[in-house]
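A short write-up of the structure that comes next.
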There are 2 protein chains.
Amino acid sequence: MAQAPATRDGVRWGALSGPLWRARDWVDDVARRSPARLALLVFAAIIAVVTALLSLPVATASGQRAPFADALFTAVSAVCVTGLVTVDTATYWSGFGQVVILVGIKIGGLGVMTLASILGLAVSRRIGLTQKMLAATETKTTRLGEVGTLIRAVVVASLVIEAVLTLILFPRFLTIGESIGSALWHGFFMSLSIFNNAGFVVLPDGLTPFVGDWWFCLPLIVGTAVGAIGFPVILDISRSVRNRRYGQRAVWRRWSLHTKLSLVTYAALAAATAVAIAVMEWTNPDTFGPLAVHERILASLVQSVNPRSSGLATIDVGEMREASWFVTDALMFVGGGSASTAGGIKVSTFAVLVLAIVAEARGDRDIEAFGRRIGSTTVRLAVSVAFLGATLVGVGALLLLAVTDFHLDVVLFEVISAFATVGLSTGITPELPDSGKYILSALMFAGRTGTMTMAAALALRQRRRVIRMPNERPVIG
Amino acid sequence: MAQAPATRDGVRWGALSGPLWRARDWVDDVARRSPARLALLVFAAIIAVVTALLSLPVATASGQRAPFADALFTAVSAVCVTGLVTVDTATYWSGFGQVVILVGIKIGGLGVMTLASILGLAVSRRIGLTQKMLAATETKTTRLGEVGTLIRAVVVASLVIEAVLTLILFPRFLTIGESIGSALWHGFFMSLSIFNNAGFVVLPDGLTPFVGDWWFCLPLIVGTAVGAIGFPVILDISRSVRNRRYGQRAVWRRWSLHTKLSLVTYAALAAATAVAIAVMEWTNPDTFGPLAVHERILASLVQSVNPRSSGLATIDVGEMREASWFVTDALMFVGGGSASTAGGIKVSTFAVLVLAIVAEARGDRDIEAFGRRIGSTTVRLAVSVAFLGATLVGVGALLLLAVTDFHLDVVLFEVISAFATVGLSTGITPELPDSGKYILSALMFAGRTGTMTMAAALALRQRRRVIRMPNERPVIG
Ligand SMILES: [K+]
Ligand SMILES: [K+]
C-alpha cells in the first residue's frame, strides 16, 4: 500500500485526514483477508455505539441511566433483530431511546441482509470475495463493483417494502383512535419491526389487542414472510419477473435451486406450524380459548410465521402449552431463509438434511431436488451448520440452567429464541440475573453472525482447495 | 421351494412336522428378503411371550394379575435391556416374575448383540446377508455358516463375562450379610443386568447403599463398559490379542477403524461425563453433598458409564440438578457402541459427524481418521441415523407432553432414556398414565431395533446400487 492517499478515488476521498486513511486501510485489509471477520467487527462496533446511546440518561422515560446489562441486551437484541427484551420497550425507553432502537433495527437488518447477500454472492458465484475486493481495489473504478449494486438493491427494496407496510398500518392506527403523530410513529416502527423480523413492539398494550385484527395481522404475516425468506430469493424472483417478456417459460422454472428449496420449505413449515399450534392451543383457556373461530385461525397464521422469526406474537406465549413450546423450539431452531433478517440454521440447511436422508433411504447415490444434484460438500456444510447450532443452543441452555433456577422448558425456549433471533419469550428474560442476560446476548450475537459468517467462511475456504464438477449449491446457513 | 422337507439338514430337522416346516420356510423367506424385518419380528415375538408370562398371577408378589400396561412395559424394558420400570422390580414381582425378567434381559441382550453383529458383519464385509443366507441354504452344509460362528462367539463371550462378574459380586453380597442363596441370586441377576446394560435392580434398597462401595462399583463400571462398547470391538480386540505372537507390530495397530473410533469416543465421552457430573453435583445436598470425597469420585465414575447406557445409578437421579439432567440427555442420546447392549445413535455415528465437521472447518476434501478415509456415504448414513433419532425423541417428547402435565425437563429425560434404552429415570415413569407407558414402550422398541436395523437396511441397500472405491467404513447406528 505505497500509494499516495491523493490518488485514491480522486475527489470523494480527498478530504480525509491521515488517521482516517489508516483506518480505511485497516478495514480494506481485514475485508480482503477475512470478510467473515469484518462482519463480526462491524456488528460488534454497531452494538457498542447503540449500547452507549442507550446508556445515556435521556434514553429512558424516567431519565435514570439504564443499567449496563439492560442497555447492552437491548442493543444486541435490536441490532441482531431479535426482539427479546429485559425491559418494556414502550414504557421503559424514552422517545429518543425508541428511535435509537429503531435505528439499531434498521442498521442491523440492512447489515444482515447485505453482509449475508455479499457472502452468499461470493459463495454462489464461485468467485472469492477476496479476489473480488482485490480486483476492485486494483482497478480503482467502482469500489466493490457488483457488491455495491447488491447493497443498493437491498436498501431500495427494504425501503420500498417498509414504506408500503407503513402506508397500510398508519390508517389502521388512526381508525383505532390514535393521533396522527402517534399513528405514524407506531405504523413506521411496527413496519420496520415486521419486515426486519425484529420483534420489538412500541404499542403500550402490546399486540394482544390485535389478535383478531385482519387489517393489522395480514400485513404482519406477509411482511414477516418476505423479510424472512431472504434477499437472494427476493432478488431471484424479481429478476425472473422482470425478464418475463423475453421468454415463454413459466417464471418459476428460471428460479435457482436455492429459491425453490427455500420457498417450498418455508411454506411447508409455516403450514405445519399453523396446524400444529391450532390443534394444541384450540382449547387452551389462556390463549385460544376466549377467541372466536376466525380469531383462532388468524392467531394460528400469525404463529406460523412467528417462529421463523418475527417474534411478534398476538397471544401470550408464556401461557401456551408445553407441547406448543416444544414444537416452537424445533421450528425456531430451523429458522428462516439464508441472507434474511430471520435466524436459525435456515430452511435451506434443513431442506438439504432432509433430502440427504431421503436419498439415503432410497439408496440413491446422488441427492437431487428440482432436477439438480446437491453435492456431498453441501451436505457436509449443512451438517456442520446444524451441528454447531445445536452445540450453541446446548451450551447456552446448560449455562442458563446453571446460573438460574428456571426449568428446561422455559430455558430451552428462551435460548433457542435468542440463538435464532426470534424474540418470542415465555416471560423469563426480564427476570434473569445479569449473567443470564449476558449469556442470551452472546447467543443472539453468535446466532446472528455465527451461522452466516461461518457457513460463508467454510464455503469460501473449501472452494479454494478443491476443483469439482459443476453443480448447483443452495446457500447454507 | 419345491424341495422335500426330508432332504434338509438331514437328521436334525427330521422330527419337524408340516406346520413347523412351513413356519421355517416363512422365516427363511423373510430372512432372505429383509433381515431387518426379521429382527423386528423376532423382538416383537419375544416381547409378546414375556408379556404373557408377566401377566400370569404367579408373576407378582401379591398374586394379583399385573395390569396389561405394566406387564407390557416391563417386558419391553427387559427385552430391550432398558431398565425403566413402572413398578419396583424387587417388591412388585415374584421370584418367578423376576426370573422371567432376567430371561427376557438375557435373550434381549443376546438378541441385540447377535442381530446387530450379523447385520454389521453383512455390511462391513460388503457381503449382503441375503446372499450369504441364500448360499447357506443352497449348499446345505452349515446353515448360516460364518453367522453361526459369530453367534457362538457372542454367546460364549457373554456367558464368560457374566460368570466372572457373578464370581466377583457373589462374595460381596455374602460379606454384607446376605444368605448364600440370596447372594447368589443377587450376584447373578446384577451381573446379567450390568453386562447387558439392562438397568434392572433386584436389591430391595436399590443401589444407593453401594454409592461408596468400590468392590461393587468397579465391576459395575468395567462390566457396563465392556457390554456397551459392542461385540465387533470385543471380537476385534480379542482376535488381535490372540494373533499377537505372529507379528511384531503393536496390538492396537491391527484394530479396525471402527474399533479405534469406538474406543476413543467412548473413553472421551466417559471422561467428560465424569468431570461434568462431578462439577455440577459436587455441592448438591441431595446427591453428592453428604458423601465423602472418595465416594463422590466413585459416584462420578459410575455416572460416566450410566448414560451409555447401563441405567444403574448409585445416586438419586431425580434429585440431580437440571444442568446435570441436560448433560445426561445429550450423552444418553449419543449412547454406546454399535452392536452392543447400549442404545442411542452410537458413539461411532457421533464420531463420524464430529470428523465431518472438523474436515469441513479445515476445508479438507476427505474425512480422515487414524489414516483411513471415511466416505461421504458413511456421513450421509450417520446424518440419517442422528436425524431420525432426534425425530423419534422429538415426537416422543411431544406426545408425552400432550398426554401428561409433566414439564419438558423430566419428559425429555425420560424419553431419551427410553429411546437410548438407558433406563435412568427422574421418577415420572411409575406415575405415567397408560398412554404414557405405551409411548415409552414404543420408544424403547423403536430405539432398540430402529437405529440398528435401519442403519443396516440402508447400508445394505446402498451397497447394491453403487460401485465405489474401496475404503473403510465404521459401523453406523
Ligand atoms: K426476531
Ligand atoms: K439400560
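Placed from the backbone N, Cα and C atoms, the Cβ positions cover glycine too.
The annotation transmembrane segment is assigned in TrEMBL to B:38-56 (among others).
Proximity of distant same-chain residues to the transmembrane segment (B:68-87), defined by a Cβ-Cβ separation under 8 Å and at least 6 residues beyond the stretch ends, is recorded for 43, 46-47, 50-51, 54-55, 59, 93, 101-102, 104-105, 107-109, 111-112, 193, 196-201, 310-312, 341, 343, 414, 417-418, 421-423, 425, 429-430, 432, 434, 437-438, 440-441, 444-445, 447-449. Look at TrEMBL and you will find B:68-87 (among others) tagged as transmembrane segment.
For B:99-123 (among others), the entry in TrEMBL reads transmembrane segment.
What TrEMBL lists as transmembrane segment is B:150-171 (among others).
Within its own chain, the transmembrane segment (B:183-202) is flanked in space by residues 77-78, 81-85, 89-90, 98, 101-102, 105-106, 108-109, 158, 161-163, 165-166, 169-174, 219-220, 223-224, 226-228, 309-312, 336, 340-342, 421-424, which lie at least six positions past its ends and keep a Cβ under 8 Å from the stretch. The transmembrane segment annotation in TrEMBL covers B:183-202 (among others).
As annotated by TrEMBL, transmembrane segment applies to B:214-235 (among others). Away from its own ends, the transmembrane segment (B:214-235) comes close to residues 109, 113, 116-117, 120, 124, 150, 153-154, 157, 161, 165, 168-169, 172, 191, 194-197, 256, 258-259, 262-263, 266, 270, 298, 301-302, 304-306, 308-310, 312, 314, 336-342, 475 of its chain (Cβ-Cβ under 8 Å, at least six residues beyond either end).
Residues 225, 228-229, 233, 255, 288, 296-297, 300-301, 303-305, 307-308, 320-321, 323-324, 327-328, 331, 334, 336-337, 347-348, 350-351 of the same chain lie 6+ residues outside the transmembrane segment (B:263-280) yet bring a C-beta within less than 8 angstroms of a C-beta in it. Per TrEMBL, the feature transmembrane segment maps to B:263-280 (among others).
According to TrEMBL, the transmembrane segment annotation covers B:330-358 (among others).
The transmembrane segment annotation in TrEMBL covers B:379-403 (among others).
What TrEMBL records for B:438-460 (among others) is transmembrane segment.
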Where among B:38-56, B:150-171, B:379-403 do we find the most Cβ pairs under 8 Å to the transmembrane segment (B:330-358)?
B:379-403
For the transmembrane segment (B:150-171), what are the same-chain contacts with Cβ under 8 Å, counting residues 6+ beyond its ends?
109-110, 113-114, 117-118, 121, 144, 183-184, 186-188, 190-192, 194-196, 215-216, 219, 223, 226-227, 231, 234-235, 238
